[in-house]
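Inspection log for the structure reproduced underneath, given as structure tokens.
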Amino acid sequence: MQLRNLIDFLNNSHQAVYNSQPYHRRRVYMKIANKLNQLTGLRYFAALLVFLSHLKWSGSSEILVKIFESGYVGVSFFFLLSGFVLSHSYKERILDKSLSCFKYILLRLARLTPLHFLTALPFILLATYKADINIFKAIVNLSYLQSWIPSSSYYFSFNAPSWSLSNEMFFYFCFFPLVFLNTKNLVKIFLALLLTILTSALFFTTQLSGLKLFGGNTLAHWLFYIFPGFRILEFIAGMLIFQLWKTGYRLPHWVTSASYILLITSMYFANQIPEPFRLSLYFIPFVSLFFYANLTEDTPSYRLFSTKYLTLLGNASFAFYLIHQPLINILERLTQKYNLSYLPFFILCLSVATLASIFIYIFYEKKAESFLKNYISNKIQNQTILATKANH
């Protein structure tokens, strides 16, 4: 009964909250609804966590090693963020039929493809030069299908971090039908998937622990960390958080600080959790609380991540995420003879990756995405005009 009441509240209260505001507060409400710069800044924080997980921290404190090894939690943040941002940006336009499914998918392709192709190209050229190119693997990777194959040689093919783009593309396709569901049905799907993952994790923990089929990673690693059909749980969580956020409900300011502490603490203890649970369900409550707490306005973190510098870094975080691991590997080889300790190597890698990502964002990603989106919009608009004339 309590769950049903909460769902009804989420379904019905948004308009009531908005209508109950005095006019000047309605303007503030709409400003908040359209301005989410702090989430852009937080994208850099999430990308930084993933970056930290790919560095070697030998020689540093055990506490830091345990925390940074769990930096892959940043991927959960990105998946949850996708569900929230797509709901914020596209839900109303899809529901009122001002945005078609075809155009929506093309716009999402325009978002991912320029950087995905750019970062995959050097690996494909190198493999071709070495006469070691696998055409099928290249097609799978460039088609955003790599995460569906339970072999690390496929889902980590070419530029390894791009596996998550395969998941994102699946989420984008699923979003269009999901957006038509009311909150009650969306919660049902979330709970059914949660139960499926929970049951599977229990089975793998007790019966199939350590099983390997292909590549160097366990089957559990693919199923619970890579497999898009399970990782969509975080995406749906982001959609549900949007439903709650648009009602106007915000957490108290102190919860924001507490959410950072809880997230870092969960990262520290993560290695004590069995792999199937650690890679799937363990972080979701902590990331969800962290995400929602950072939607509260006028907190110190809100002001910090809304600054123009963090907003720029957040905008460049997609490039940062995709280039950081290849750059770490390159810099590792170039500095091998200098035997750098973890701290100077960390500073070097962070500086190079950050500057390179800003350069790529400003001079390539932003321009390429803008060009493609304008081309798509103009092309569809022209086709619509021609179709209208033909009907008359």
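Each Cβ is built from the backbone N, Cα and C atoms, and glycine gets one as well.
Annotation comment: TrEMBL describes 36-55 (among others) as transmembrane segment.
As annotated by TrEMBL, domain 'Acyltransferase 3' applies to 38-361.
Look at TrEMBL and you will find 67-88 (among others) tagged as transmembrane segment.
The transmembrane segment feature in TrEMBL is assigned to 109-129 (among others).
Summarising the annotation, TrEMBL assigns transmembrane segment to 163-182 (among others).
Positions annotated as transmembrane segment by TrEMBL: 189-210 (among others).
Positions annotated as transmembrane segment by TrEMBL: 222-242 (among others).
If you look up TrEMBL, you'll see 254-271 (among others) marked as transmembrane segment.
According to TrEMBL, the feature transmembrane segment maps to 277-295 (among others).
Through the fold, the transmembrane segment (307-323) approaches residues 37, 39-44, 46-47, 50-51, 78, 115-116, 119, 159, 161-162, 353-354, 356-358, 360-362, 365-366 of its own chain, all at least 6 residues removed from its boundaries and within a Cβ separation under 8 Å. The transmembrane segment annotation in TrEMBL covers 307-323 (among others).
Taken from TrEMBL, the feature transmembrane segment applies to 343-364 (among others). Long-range contacts of the transmembrane segment (343-364) within the same chain: residues 48, 51, 55, 60, 114-115, 118, 312-313, 315-320, 323-324, 327-328, 331-332, 335, each at least 6 residues beyond the stretch ends and with a Cβ under 8 Å from a Cβ of the stretch.
Long-range contacts of the transmembrane segment (254-271) within the same chain: residues 63, 66-67, 69-71, 73, 278, 282-283, 286-287, 289-290, 293-294, 296, 299-302, each at least 6 residues beyond the stretch ends and with a Cβ under 8 Å from a Cβ of the stretch.
Remote same-chain residues near the transmembrane segment (67-88) are listed as 33, 36, 39, 42-43, 45-55, 57, 164, 167-168, 171-172, 175, 179, 225, 231-232, 234-243, 245, 263-264, 266-268, 270-271, 283-284, 286-288, 290-291, 321 (criterion: CB distance under 8 Å, separation of at least six residues from the stretch ends). Just going by CB pairs under 8 A, the stretch in 109-129, 163-182, 189-210, 277-295 that sits most against the transmembrane segment (36-55) is 277-295. Panel annotation: around the transmembrane segment (163-182), residues 11, 75, 78-79, 82-83, 86-87, 90-91, 94-95, 101, 104-105, 108-109, 112, 116, 144-148, 155-156, 189, 226, 228-229, 231-232, 235-236, 239 of the same chain, lying at least six beyond its termini, place a Cβ under 8 Å from a Cβ of the stretch.
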